[in-house]
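Novice: Feature table excerpt (TrEMBL):
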type	residues	note
DOMAIN	1-258	domain 'Deacetylase sirtuin-type'
BINDING	Tyr69, Arg72	substrate binding site
BINDING	Gln103, Asn104, Val105, Asp106, Gly196, Thr197, Ser198, Asn222, Pro223, Asp224, Ala240	NAD(+) binding site
ACT_SITE	His121	active site, proton acceptor
BINDING	Cys129, Cys132, Cys156, Cys159	Zn(2+) binding site
Amino acid sequence: MEHVVPPEAAALLARARRVVVVTGAGISAESGVPTFRDALTGLWQRFDAQALATPQAFEDDPDLVWGWYEWRRSTVRRARPNAGHTAVAAIEARLPGTVLVTQNVDDLHERAGSRDPVHLHGSLLAPRCSGCSRPAPLPDVADEPAEGRRVPPPRCAGCAARVRPGVVWFGEALPQAALDRAVEAAASCDLLVTVGTSGLVYPAAEIPRVAARLGATVIQVNPDETPLDAVAEVNLRGPAARVLPALVAAAWGDTMPA
Ligand code: BJW
Ligand code: ZN
């Protein structure tokens with residue numbers, strides 16, 4: 001069933017000139033990629049995601065952490081972008097100045113046609129050396145995700161230190177250029193659409209707040225309540241793959257590819 005979007009939300013998008021879209025794990029949920037806070041399903045359930053996504057965890061048990069990331073990478077590889085990703089690409093096509101800022105470490109936005117997403121938390125697909133930061137080749141992954149398996153990380157071809165996932169862990173700085181681009185875009189947009197993020201992790205959670213403080217309107221798409229409810233002028237409660245295409249269609253008519 002088509003999701004019904006309030007006319008004021010459609011009008012906000014139709015009137016907008018400079019749009020920022022901020023996405024979190026929820027936009028990939030309907031592609032079968034578990035959200036960060038749900039990422040420890042099945043055999044991984046005995047661990048705590050917040051505790052695995054730290055430099056300390058990698059130091060203490062590199063095989064466990066690398067195995068978890070390899071399992072997630074194989075899940076993402078098998079996933080396909082959904083109608084939410086496609087709707088974001090449609091906004092970019094309609095308004096070419098749109099800036100897409102994602103906290104996600106998957107590549108589903110790129111595969112849906114988004115040209116240049118700002119990746120605040122890095123990528124599952126860009127491992128690097130934990131010693132000298134040299135980019136490392138992606139190991140082949142099995143076709144079936146090997147859930148719950150410890151996997152020793154490869155060694156750097158330059159310095160023999162362990163290769164680590166190219167993501168930003170708790171306590172690590174975000175890539176400065178990406179953060180600068182995101183904050184500048186938020187500070188100069190007239191509409192920010194935040195999609196599928198719990199709004200709990202900083203500094204990413206600050207970005208919609210920056211936009212609102214400087215006069216932009218914020219629309220939030222999320223089936224659940226989040227701390228960003230208070231920042232958003234419109235809260236569209238529903239799954240991204242239903243709500244975003246409906247929002248785009250309501251704003252501009254049938255511009256969505258089938
Ligand atoms: C749907 C849906 C559907 C479901 N449709 N929606 C200020 C205050 C307090 C603490 C801090 C602070 N500033 C910094 C901190 C510390 C820390 C932090 O924020 N901690 C909080 C937990 C309190 N931040 C950091 O450490 C950051 N670094 C930093 O601040 O560095 C300072 C520094 C400066 C200079 C030198 C050194 C240091 C780094 C944060 C890095 C976050 N990394 C992770 C892991 C990446 C790799 C990986 O994926 O494993 O990024 S954590 C994890 O959370 C991941 C995500 O990108 C991020 C956000 O999660 P997200 O996307 O919101 O997902 P979920 O699962 O939380 O939520 C999903 C949502 O989707 C839910 O709301 C659902 O309802 C919804 N949903 N289905 C739409 N179908
Ligand atoms: Zn190295």
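Cβ from N, Cα, C; glycine included.
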Novice: Take the mean position of the Cβ atoms of Cys129, Cys132, Cys156, Cys159, the recorded Zn(2+) site. Which other residues of that chain put their Cβ within 8 Å of it?
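Specialist: Everything else in range on the chain: Ser130, Gly131, Ser133, Arg134, Ala157, Gly158, Ala160, Ala161, Val163.
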Novice: Going by DSSP, give the three-state secondary structure for Arg72 (substrate binding site).
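Specialist: Note: Arg72 (substrate binding site) is helical by DSSP.
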Novice: For Ser198 (NAD(+) binding site), which of the recorded positions Arg72, His121, Cys132, Cys159 has the nearest Cα in space?
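Specialist: Closest by Cα distance to Ser198 (NAD(+) binding site) among the recorded positions Arg72, His121, Cys132, Cys159: His121.
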Novice: Based on a Cβ-to-ligand 1 distance below 6 Å, what subset of the recorded positions Val105, His121, Cys132, Ala240 would you report?
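Specialist: Cβ < 6 Å from ligand 1, in sequence order: Val105, His121, Ala240.
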Novice: Radius 10 Å, atoms counted are CB only; among the binding-site residues Val105, Cys156, Cys159, which position scores highest?
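Specialist: Counting Cβ neighbours within 10 Å, the top one is Val105.
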Novice: Got a sec? Which of Cys132, Cys156, Cys159, Ala240, the binding-site residues, have CB under 6 Å of any ligand 2 atom?
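Specialist: Cβ < 6 Å from ligand 2, in sequence order: Cys132, Cys156, Cys159.
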Novice: Using a 10 angstroms cut-off on Cβ to Cβ distances, just flag whichever of Gln103, Ser198 is the loneliest among these binding-site residues.
Specialist: Ser198
Novice: In this structure, which of the binding-site residues Cys129, Cys132, Ala240 has the fewest other Cβ atoms within 10 Å of its Cβ?
Specialist: Cys132
